[in-house]
Amino acid sequence: VIGTWKDKYFMKWYLVWSLNGTLINLGLDRRSSLDRAQDVGLYQCMAFNTVGAILSRRASLQFAYLDHFKVHTRSAVSVREGQGVVLLCGTPTSSGDLTYAWVFNEYPYFVQQDNRRFVSQQTGNLYISKVESSDVGNYTCVVMNSVTKGKVQSSPTSLILRTDGVMGEYEPKIEVNFPDNVSAAKGSTVTLECFALGNPVPEITWKRANGVPFPSKVKMKYSNAVLEIPSFQQDDTGGYECVAENKMGKNVATGKLAFYAKPQWIQTMKDTVLAIEERLYWECRANGKPKPSYSWLKNGQPLVSEDKIHVEEGVLSVSVLTLADAGMYQCVAENRHGVIYFAAELMVLASPPDFTGNVLRALLKAKAGTTVTLECKPQAYPMASILWKKGNLPIHTSDRLANVSKSDAGSYTCFARNRFGMSSTTGRLLVTDPTRITQGPSDMEIIVGESIVLPCQVSSDPVLDISFSWAFNGQLIAKDDGHFELVGGRTAGDLMIRNIQLYHAGKYICVVDTDVESLSAVAVLIVKARPPSPPAVVTVEEVTDSTAQLAWSPGRDNGSPISHYLIQTRTPFTVGWQRVNTVPEVIDGNTLTATVVDLNAWVEYEFRVLARNGVGVGEPSPVSVKTRTEDSVPDAAPGNVGGGGGSRSELVITWEPVPEELQNGESFGYIIAFRAFGDASWTHVATSAPGAARYVYKNDSISPFSPFHVKVGTYNSKGQGPFSPVVTIYSAEIEPSGMPAGVWARSVSASEIEVNWQALSFTPERVLGYEVVYWEDDTKPETMGKMRVPWNQTSATVSGLAGHTQYFLTVSAFNTAGTGPFLPAINVTTKKPPPAQPPLNVEWTLIGSHLSLYWEPVVAMESESEVMGYQLSYRRQRHKEVNTLTTSNSSAELSLPEDDEDYIIHIRTMSEGGLGPASDPIRVHQLSEFIICTINILQIGLTKAAKWKLEELFVKSVKIATKEHKKRDKGLKK
């Protein structure tokens, strides 16, 4: 209520209080307790001193109480079963928030609220939507004050049933609803009640008028009779509807929720010092809902617009200030939900000019060519007029002297005057020559451990004081850093860096400060380390069949600590040096021994070690002495075991030999194991040839093409190794004994013959396919050819033959053992070849997109096939897709898309012997829809190059002609 007042000027404040606008005499009122009737109301404090007065915010004092119910007997309420009823509480006089409950018959049996019974916290009444026989009894209203915690009870009200019948069904009647307009503060909890009487018991539902669903924060209580909206916000405003409905009908209650907010400052004024006769302008702004109104107070008294004072919405202005206008002012913002105050002091001053605390500098140094500011700012109320003198001569200048030179040096005096008096201040200006860095640091690369000097030397005016400082990566270099030392005299600030390390890399800035300016020079220092030197001699200390233990000595780290080591190995079977696996897996820079693992047995190894630091990997160590691992039993089996084929009564077994580096010892060989399909025992055969890849087992008892299980193992002087997985192969088979039947052939073209036959219907031997053999005659063995097709194919086309030539053909079946007997040969003569002469003298005409082509007919010679027609193939010049067109005449019509692309066209003859050679390419140029162009290229006597050149010249000439026609005759298209 009282608040806290800040004593800004260390003055004593005096306080007075008022109640409901009347001053309180605190000296006369000596009461020690409050009186409800005498002390209730609005309190306000006024604080004042010699500066002025201000009002506190208003505070309301109220007293919470709850009187007793009047003692009297309440009349009984008689209703029919099924009828709705309202039992009135009749709340006694009170102040403060109340809560209600109803006792049924006797304490502590309170009425339990459900969809049929509801206790309103707004009215205190008990509502029963549909009375049942179990509701008969006595009801007592219990009221509690939430502030005082006091509780009172009403006299009981009896509820009895009438005996003249049961109430019939009827539509809902809303007895509890919310006001048409409800205002709520931001962040508050809003509670809306809605309850209806009806038979059957009505169902209560809620919805928003705008149809927007309720957010998750909204809660429904007491069978939807209460809608609760916590943390009320602007989005929650609008229309709300309560719908009570049963099968007989429905009823609706509506209302609106409005958002209100107390005023809050968004713009305020500050304590202000002004000179006499100046103008005051203050503005304050507050938000709130509804929009606040504004008023102004001076020393606690309202201000209104009069004479020089103008007061309007949030704005106070005083046109010509006097000493009487000084004081404490308050802006007041108010709406019906609250009022706020903001105070500021106005000081009005009247005094002669005074330079105390703001005199001109006795000596001001400035660099030639710069702009100098001579500040003449006396305290004067009202503002003083200013006059400058250089020496004894008045000068016309402002506070700023631009581009000063030596001639501007001298003594300057500022005179200030107002109606209360005059004052002055004097200072001297000294103009100096510019300072220059004559030698600054430059970018450098340096190796770790070296020392350097970064120069920073200047030339300057002798009257100036000079200081040097250095920054490294944005931080000032400390003088106590052992690596850095500042060396040089008055005009030099060189930086010496001793024993440079990697962390000294970065940006160095030399800063030169004088009385009048500051200069700097920058250099970037790159510090390089080198990869480590090679480790010293590598020794092999212990060897097994798969490991080798190594040791070595470290080399120099060259300025960057060694992070880890790498081990490489080389054998007669590898290409170059290979990385190996080790234990530990990562060898850190402090470890000088390691065990190489996963080596092959009985292999001669060489080792070397490399070191790595932050710069990279260094050169390798010297190579170790060659060391052979111990031998062991083979651990690799031959791969890709298979076989089959061979001669009659043979079983051929094949495999991929084990590489020498995986043989693991001396006296290496293979164990071949096989057994007939269904046999239990294996036959074993050994071969001591390490490079063997094939074994042939011959036995007359082996049936042709019989299945065998086969596996191949290894051994050496240490013992037997693993076997390969078991595979199934077949013994040698015999060639087919049957011959195909029904062989016939026909000539397809001048270079192709089609051969047909009937498949072998039965043969005891396996048939893999058929072989076709063809030749010209027995005197020309070089003309013989063969081709094979799978067993399920009964025809083949022999191509690449000579035209108009007789060929002999025969067919036989084959398998892995060879070919069966051949049929008697048949003979077929290929067709005559197509004409060797391509179409000549091709002419074309292009009108728009319509292309017409003409050429001389081709006449076949006696040894050539007759011409049956012509085939045209055409494509865009920059595309591969080819379109074809056939014609029986020596002309053709084409429709080409209208675009800017050229077309390439070829023409061939068609005959029984096939397609003849193509004509020279015809290039069709789509130059313009206005031009009709015909190219007639004579084929005789011109090379291809000459033909293409002729076309190129023609295209250029047509393009030139087209441009000229368009310029002269725009009606050319018509």
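Each position is counted from 1, following the chain as shown.
Glycine residues also receive a Cβ, built from the backbone N, Cα and C atoms like all the rest.
Predicted automatically and left uncurated, TrEMBL annotations should be read as such.
If you check TrEMBL, you get these features:
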type   : residues : note
DOMAIN : 67-158   : domain 'Ig-like'
DOMAIN : 172-253  : domain 'Ig-like'
DOMAIN : 263-347  : domain 'Ig-like'
DOMAIN : 353-432  : domain 'Ig-like'
DOMAIN : 434-520  : domain 'Ig-like'
DOMAIN : 534-632  : domain 'Fibronectin type-III'
DOMAIN : 637-734  : domain 'Fibronectin type-III'
DOMAIN : 739-833  : domain 'Fibronectin type-III'
DOMAIN : 838-930  : domain 'Fibronectin type-III'
REGION : 620-648  : region 'Disordered'
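For the domain 'Fibronectin type-III' (739-833), the number of residues in each DSSP class (helix H, G, I; strand E, B; coil) is 3 helix, 46 strand, 46 coil. Tallying C-beta pairs under 8 angstroms between the domain 'Ig-like' (434-520) and each of 263-347, 534-632, 637-734, 739-833, 838-930 places 534-632 first. For the domain 'Ig-like' (172-253), the model's pLDDT averages out at 95. By the count of Cβ pairs under 8 Å, the stretch nearest in packing to the domain 'Ig-like' (263-347) among 353-432, 534-632, 838-930 is 353-432.
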